[in-house]
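Under the heading domain 'RCK C-terminal', TrEMBL lists 204-290, 293-378. Here TrEMBL flags 6-21, 28-45, 51-70, 91-117, 137-159, 171-195, 393-426, 438-454, 466-488, 500-521, 559-582 as transmembrane segment.
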Amino acid sequence: MTFEQGLAFTILVATILMFALDKLRYDLVALLSLSAGVLAGLVPPDKAFHGFSDPVVVVVAAALVVSAGIERSGIIERLMKPLSALKSPDALIGTLVALVMVLSAFMKNIGALAIFIPLSVRLARAGGIPVSQILMPLSFASLLGGVMTLIGTSPNIIVSRVRLELTGKAFTMFDFTPVGVGICLAGIGFLTFAWRVLPRDRQGSSGDKGFRIEDYLAEVRIEAHSPLIGATVADLEQLFSGGAVTVAAIIRDQGHRYVPGGHWEFSESDVLVLEGDPMALKPLLDQAGLVLMGGGGLGSEDTTVMEAVVMPNSPLVGSSAVRSAMRRRHGMALLAISRGGRHMIERLRQTEFMAGDVLVVEGNGEALPGTLAQLGCLPLGQKAMPASGKSAWLPVGIAFAAMLSVAVGVMPVAPAFFLAAVAMVLLGCLPLRGAYEAIHWPIIILLGALIPISDSMKSTGASDLLAGWLALAASQVPVPMALGLVLLASMLLAPFLHHAATVLLMGPVAAGMAVKLGLAVDPFLMAVALGAASDFLTPIGHQCNTLVMGVGGYRFGDYWRLGLPLSVIVLVSGTLLILTFWPI
């Protein structure tokens, strides 16, 4: 091992550790890794920013804009209206899973899932199905659907770049389709029935008249005239709220927070942190003489209360109601927060928002949906359907034209989707501001920063050295097992790295291992892409899993219930399908 290779491995290990520890955002970790590469002399200064001009970055950004144009058209929601006729839970979930997969193949999976979440919540309520048993299958379906085409998921786009550098020819739009369709069929068969392993009791009884999310927190103050003065915690929980609301904390004595027992008595000006069903808040406020902290009373004729999910690219992530000036700047009040079934006791207005949080907010009835969209939040109420007409199909036509031009070889994928993104804006499918907001800039930063690091691993020979070690180990096992081990390694790395970073690391190494074993490169690249896209074990490895955590009330361990058997299915069927369609 040379000195340069040692430096490359040191930076690689440090980067992996920082990703795994999750103390810093992944885009900042990527920038630190690039900085270390430049300072160590592994990345030439004049090539430090070449990654940001790489076609992979252009494709990912453009695909996000195209997906946003399709999502904004509302055409998908309109086409899904007949689903309300499905009465069987298996039929409903199986159909939704299949539709999410198909949509995810042609637009970014996070966008496809975002379209289906409000629809699925309404259908689950109408069909008496707990929301917790329908959303995780849809999240996993969006990940599986993305593996069917080149643009469906970032790992496919990045692994195509690796192949281009190795062989001079990139993967085409539908090279991934035979393996992807097989994986999706296996996934549909599993998810259609396996949803039963998920918890039923996270969202209240299935007979609720409205969409209910437990473990909300709201912050209220006891006024001078309140009948609660002198009453106990047990009185509020049983007599006033009928068990629908519990007292999570009392804040008194100049801001000190206490977790009260049932015998604690209330005093004037106590601030209570209440936990429970937000629909029980209004009658409790009126009956018990309580005032919501942050202002704004419920029930005003020109205001409405709405639930919304904080999306991963929301500017609210890492901020709070106070720091974001939610009421002063955006004209809405934060009433409650739900966070994946977690018990939160901190002050509501100081709580930092996280991706996947479900917020209950109050604001002007007409302006609130637009304000939430501007803040990167997904409303869970009814969405307005677009007026019928040809314009609703225009974004679909633009996306189809881009895919067709790539499929028939008219132009490469990067310029095709760049032109499609520009057309979305010029033809009014998406405002310019909406196009910028659709791009998830942290992933763009991550890709642009890590591409030079990946290239430095190859230029120093570190990738070849690591590939040699793996080839030596793989030579002791049958070829199908070696392929399966590459798929498994990518699958295990993805939750701790980012799926894009996993491909940038594993792609060149797996290709080098195949060359040293005298095997075809393509099957191993396919295995890397499939493994990196198949993160079913944690809520943090992929944005789709994070997005449904709060709405479904999931806890970290819930993902293993459905994700572990699905991972085994993908590992076994994926290995066999790759060997079938990509001879080794």
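Using the three backbone atoms N, Cα and C, a Cβ is placed for every residue, glycine included.
When each of 6-21, 28-45, 91-117, 171-195, 438-454 is scored by its Cβ pairs under 8 Å to the transmembrane segment (393-426), the top-ranked stretch turns out to be 171-195.
For the transmembrane segment (500-521), the residues of the chain that approach it from at least six positions outside its boundaries are 12, 15, 19, 26, 30, 154-155, 158-159, 162-163, 166-167, 443, 446-447, 450-451, 453-454, 457-458, 463-464, 466-468, 470-471, 474-475, 479, 482, 486, 489-490, 493-494, 527-529, 531-532, 582-584, judged by C-beta separation under 8 angstroms. Within the chain carrying the transmembrane segment (559-582), a Cβ under 8 angstroms from the stretch's Cβ atoms is held by residues 136-137, 140, 144, 178-179, 182-183, 186-187, 190-191, 194-195, 197-198, 480, 483-484, 487-488, 491, 520, 522-523, 526-527, 530-531, 534, 536-539, 545, all 6 or more beyond its ends. Across 6-21, 91-117, 137-159, 438-454, stretch 438-454 shows the highest tally of CB pairs under 8 A with the transmembrane segment (51-70). Summarising model confidence by region, the domain 'RCK C-terminal' (293-378) averages a pLDDT of 73. The transmembrane segment (6-21) shares the most Cβ pairs under 8 Å with 438-454, out of the stretches 137-159, 171-195, 438-454. Of the candidate ranges 91-117, 137-159, 171-195, 438-454, 438-454 has the most C-beta pairs within less than 8 angstroms of the transmembrane segment (28-45).
Highlighted: of the candidate stretches 91-117, 171-195, 438-454, 91-117 has the greatest count of Cβ pairs under 8 Å to the transmembrane segment (137-159). Beyond the ends of the transmembrane segment (91-117), by six or more residues, the same chain brings 63-64, 66-68, 70-71, 76-77, 80, 83, 123, 127, 129, 133-135, 137-139, 141-146, 148-149, 151-153, 180, 184, 187-188, 191-192, 195, 309, 311-312, 378, 380, 399, 403, 440, 543-544, 547-548, 551 to within a C-beta distance below 8 angstroms of the stretch.
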